[in-house]
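> Below are the features I grabbed from TrEMBL:
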DOMAIN    100-246  domain 'Fido'
ACT_SITE  His182  active site
BINDING   Asp186, Gly187, Asn188, Gly189, Arg190, Ile191, Gly192, Arg193  ATP binding site
Amino acid sequence: MSGGSAAQMEDAVIDSETLLDVLLHQRENRVGDSVYKMVQCDFAYNSNRMEGSRLTPEQTRMVFGRGEISGEGIPLDDILEAMNHFEAFDAVLDRSGDPLDADLLRSLHGILKAGTAQAKNPLYSVGDYKRYENVVGALDLPTTPPEKVEAEMEALLRGYERAGRHDLDDVLSFHVAFERIHPFSDGNGRIGRLIMFKECLRNGIAPFIVTDDLRAFYIRGLQRFHEERGWLRDTCLTAQDRFIERYLPLAESYAEAMAAALGGGPSGDGREGGGIR
């Protein structure tokens with residue numbers, strides 16, 4: 001995978017306020033067949049699948065809808081981590097405009113691993129930075145030693161926030177640095193991809209879900225980022241194009257319907273800009 005379309009050569013800028021408003025409105029009003037449900041299930045399935053989950057897309061939707069699945073041989077932790085990913089994504093939506101800090105990252109890790117076997121094992125220090133050496137499962141790369149994680153994460157977060165508003169390249173650079181540090185005992189890839197989604201919303205960039213079929217390209221992009229940044233960028237641009245095509249028209253249609261129902265302008269609350277409340 002290389003190159004990219006002409007449309008991919010510039011960052012895809014969207015009305016992230018409208019997208020966020022739609023996701024939050026559908027969540028709070030428990031809208032059944034919604035963009036919110038689609039994004040939740042697709043994100044949880046793909047991100048967990050990339051890390052070895054055995055759940056199918058249909059089983060993931062069942063967990064989202066009913067908190068249970070049919071089928072045999074599914075580890076309990078796979079079910080718990082699907083449910084936890086739903087909750088972590090909700091936290092990302094609720095805090096999409098917040099600066100990145102260590103407390104947010106630790107909180108997301110605690111949510112993702114809550115109730116799992118790792119949460120019961122002190123070796124994994126769930127909700128906190130790692131205490132023991134670890135490796136990047138799919139990458140042949142060294143990670144930061146535990147005793148240096150706090151300082152390196154503080155420097156990474158401080159440098160990122162100091163830069164102010166970010167573009168896609170900034171988000172990807174942060175993601176690579178985060179994965180190279182690998183601050184948590186497990187779940188770093190999923191936390192990192194949740195953070196990318198959050199930061200895209202925060203900065204008006206079209207968010208994206210790295211789907212399992214892009215895994216090999218994504219891994220290569222992480223491995224070779226400092227040699228050729230285009231590999232990871234092109235992979236994420238492909239994921240971004242898919243997100244725009246699959247979800248944004250539905251979100252925009254929902255926002256327009258809400259605006260019409262509320263009798264406002266394009267925003268539905270009297271504002272000229274996008275968004276619904």
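Placement of Cβ uses the backbone N, Cα and C atoms for every residue, glycine included.
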> Given a separation of at least six residues and a C-beta threshold under 8 Å, show me what packs close to Asp186 (ATP binding site) in the same chain.
Lys113, Gln118, Tyr124, Asn134
> According to DSSP, folded down to helix, strand and coil, what is Gly189 (ATP binding site)?
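Once the DSSP labels are grouped into three classes, Gly189 (ATP binding site) ends up as helix.
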> Calculate the distance in Å between the alpha carbons (Cα) of Arg190 (ATP binding site) and the residue listed as 'active site', and round it to a whole number.
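So the Cα of the residue listed as 'active site' lies 11 Å away from that of Arg190 (ATP binding site).
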> Roughly how many Å lie between the Cα atoms of Asn188 (ATP binding site) and the residue listed as 'active site', rounded to a whole value?
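Rounded to the nearest whole number, the Cα-Cα distance is 6 Å.
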> Given the ATP site residues Asp186, Gly187, Asn188, Gly189, Arg190, Ile191, Gly192, Arg193, which other residues of that chain have a Cβ within 8 Å of the mean position of their Cβ atoms, reported in sequence order?
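These residues sit around the ATP site: Ser47, Glu51, Leu112, Phe184, Leu194.
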> Same-chain residues six or more away whose CB lies under 8 A from the CB of Gly192 (ATP binding site)?
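Spatial neighbours, sequence-distant, of Gly192 (ATP binding site): His175, Phe178, Glu179.
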> Quick one: Cα separation, Ile191 (ATP binding site) versus the residue listed as 'active site', in Å?
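About 10 Å separates the two Cα atoms.
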